[in-house]
Amino acid sequence: MSDLHRLSIRELSEGLAGAKFSSRELTEHYLKRIEKIDAKVQSYITVTAEQALAQADAADAAIKAGQATVLTGLPIAHKDIFCTQGIKTTAGSKMLDNFISPYDATVVAKGKAAGLVTLGKVNMDEFAMGSTSENPYFGSTKNPWNLEHVPGGSSGGSAAVVAADLAPFATGTDTGGSIRQPASFCGLTGLKPTYGRVSRFGMIAYASSMDQGGPMARSAEDCAYLMNVMAGHDAKDSTSVEKEVDDYVANLNGTSVKGLRIGIPKQYFNVAGLDADVKARVEESLKKLEEMGAILVEIDLNMTDSYVPTYYLIAPAEASSNLQRFDGVRYGYRCENPVDLMDLYKRSRSEGFGKEVQQRILIGTYALSAGYYDAYYVKAQKVRRLIQQDFLKAFESVDVIAAPAAPTTAYKIGANLSPVEMYLGDIYTIAVNLAGLPAINAPVGFDKNNLPVGLQLIGNYWSESQLLSVVHQYQQATDWHTKRAAIAEENA
Ligand code: GLN
């Protein structure tokens, strides 16, 4: 079969269960596509063909023996931030180019236990810091909709593999929009769960108080299948929450759009850099939801102007602390011929980290230093609390909050925006991480250059089922999520 990559996760699952095709055939199909098409997209850092075929054979045996889960035999790609035993895990950095983890991240282990077949590890911004996946060491991943544009970031490889049909779904992580923004740039559905819903064990840390893994796929239904595997408490991650996990697939029709109160933050639609096409597409999608019975309610989120400065203090502060472990002694890159310990630290870190990461370590170290801790870090934490309270107040009168996922569509590769311009592009996503809330991106059309636009829906804590359900119903009534980039239509 030459069109297996067009099937949804449910269709793939049914096809495997009904012996219409085997996991080996499916896996070979994807490996062939990767071999032919990934040279153009440059999304994979590591392709694990041999292991994938062995996993596929094991999956086929499990299916035959009646021991399969609904996802047994389905291929997946992992963001290269999730540790994989025996396979290198780089976090997109020269620093970890030779790092082979002795264990699997919990998300990876759960995937294996569910019978998923790992196709490989995909590119990202270095240590998940960035919005373009223009990686200084591994090169730029391309946006499947237009190869001259970025796929977004930091989970840009995860978005690109799905949008080019080089994997049916992928894992991503979102510390400040890194699932939602690339999903938006590549026309996909991506869910950032509530902080604590998905285990962070074995997920290389960027900003630990915000890091959260989640699914990236074509539709809410596809995401729900992966979310069922990813979610849940993990004794190995003290920040994961002991709370019952919903059956996200069973709940896809659990929330009625009829009567759903959608908050429209006034401030969000008056942001200076908001592109006219993005605004128009998002408004059209809200109109559609209104036709389906939703009630649009104008709300205030008064802290909007504080999002970028607050996030860009707290995230680098945590990063500077987390990245201290990469000093050339225990993990990763070590410089040649150090003359003494200080030289080893200095050169290993300046040679091993790219410019953006170094910049953030410097900013974070400054914000945490004795003389400035109160003025910057503590102040930012106080503002963070106000941002959270702003959301909680809004949720007293609405069920979900609507926003663009990003003020623009995908940037051109090499656009070389200044840090401030780049950081302002995160205005719609980062407050969700500061507050620990769940949010989803859904594709809602295209701009004048045929680049995808995304609608973001932000929910209250633990409302993943509701978000997936609302998007699922929108996707039953529209077909934006079924549109494919030309490169995805190419056959291998
Ligand atoms: N653009 C955000 C940043 O650079 C993305 C972070 C993320 O979610 N990993 O911090």
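Along the chain as shown, the residues are counted starting at 1.
Using N, Cα and C of the backbone, Cβ positions are placed for all residues, glycine too.
TrEMBL does not curate its annotations; it predicts them automatically.
Taken from TrEMBL as is:
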ACT_SITE  K79  active site, charge relay system
ACT_SITE  S154  active site, charge relay system
ACT_SITE  S178  active site, acyl-ester intermediate
DOMAIN    25-468  domain 'Amidase'
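Feature map: annotations from TrEMBL on the structure.
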| residue | record | Cβ neighbours (10 Å) |
| --- | --- | --- |
| K79 | active site, charge relay system | 33 |
| S154 | active site, charge relay system | 33 |
| S178 | active site, acyl-ester intermediate | 37 |
Please report the distance from the Cα of S154 (active site, charge relay system) to the Cα of S178 (active site, acyl-ester intermediate), rounded to the nearest angstrom.
5
At the level of the C-alpha atoms, what whole-angstrom distance separates the residue listed as 'active site, acyl-ester intermediate' and K79 (active site, charge relay system)?
11
Check the domain 'Amidase' (25-468) for me and report the mean pLDDT.
97
For S154 (active site, charge relay system), just give me the three-state DSSP call.
coil
Secondary structure at K79 (active site, charge relay system), reduced by DSSP to three states
strand
